[in-house]
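Participant: Quick one: the structure is below, and I'll ask about it shortly.
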Amino acid sequence: MADELDGSPILQEALGDALPVLERFHAKLEAEGELKGLIGPRDVSILWERHILNSAAIVPFIKDALGEDRVEGRKKGSIADIGSGGGFPGIVVAAMIPNVPVTLIEPMERRVEWLQECADELELGNVTVLRARAEEVPAKPGFDVVTCRAVAPMTKLSGWTLPLVRPHGHLVALKGRSAQAEIDKAAKEIRKNGGLNPRVYEAPVAEGLEPTHVVIVDKR
Ligand SMILES: C[S@@+](CC[C@H](N)C(=O)[O-])C[C@H]1O[C@@H](n2cnc3c(N)ncnc32)[C@H](O)[C@@H]1O
């Protein structure tokens, strides 16, 4: 089944230099994703929009968050993606920000194998795959940016992700329409885990496509 956006010029516009690598990722997902239980049967024709472009929408926000570190004189940042599953947003982020190390943290063995295979086949030298639950990963030294998509509501996610963000780093999470309600509900957990100034941004996906939402929380 063909993808609705195969060959569309918006792919180049949204993914830039990472397009060739992400075309290989798309082909691999198309061939193996459903069989391996990583995507649903109806996702096959909307892989670009629902998964790859949706993940790519977070990249400008991550770059912004890392940019602040450069201002502070730190040369390299570090990114962790919690609960990467089939590689969203982690593999897409690693392809689009190839000069920054990206750690993919995922507890399920089969998904860990998939993620490692993707990193190897796509020659993403900046990817490390870690088989763990987020709450088992040592908090130190922490990551400059922790990201995630579709892992848990903010009430739970705060305790899983914020401890892994280094001081003055950021949680940058893809969220659905309920983003503001989720952070309102999780105000106590966010504060307790050292989070400050939680806020929601609308994130453009590509021209003509519905935008998504990004939650950003600063770490004390
Ligand atoms: C619904 S999937 C989302 C996968 C991917 N982020 C996406 O957006 O397509 C949730 C993923 O989170 C992982 N997960 C569940 N609990 C976790 C935890 N405590 N720490 C890290 N990952 C977890 C699951 O194994 C699963 O791969």
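Our numbering is plain: 1 for the first residue shown, then up by one each step along the chain.
Just so it is clear, glycine is given a Cβ too, placed from its N, Cα and C backbone atoms.
Marked as S-adenosyl-L-methionine binding site by TrEMBL: Gly83, Phe88, Ala134, Glu135, Arg149.
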Participant: Provide the number of Cβ atoms within 10 Å of the Cβ of Arg149 (S-adenosyl-L-methionine binding site), excluding the reference atom itself.
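Facilitator: For Arg149 (S-adenosyl-L-methionine binding site), the 10 Å Cβ neighbour count is 23.
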Participant: Through the lens of DSSP with three states only, how would you label Arg149 (S-adenosyl-L-methionine binding site)?
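Facilitator: Strand, per DSSP.
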Participant: Find the longest CA to CA distance in the recorded S-adenosyl-L-methionine-binding set Gly83, Phe88, Ala134, Glu135, Arg149; express it in Å as a whole number.
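Facilitator: This binding site's residues have a maximal Cα-Cα distance of 19 Å.
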Participant: For Ala134 (S-adenosyl-L-methionine binding site), just count the other CB atoms lying within 10 A of its CB, please.
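Facilitator: I get 23 for this one.
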Participant: Could you say whether, by DSSP, Glu135 (S-adenosyl-L-methionine binding site) belongs to a helix, a strand or a coil region?
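Facilitator: The three-state answer is helix.
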Participant: Which residue, of the binding-site residues Gly83, Phe88, Glu135, has its CB surrounded by the fewest other CB atoms within 10 A?
Facilitator: Glu135
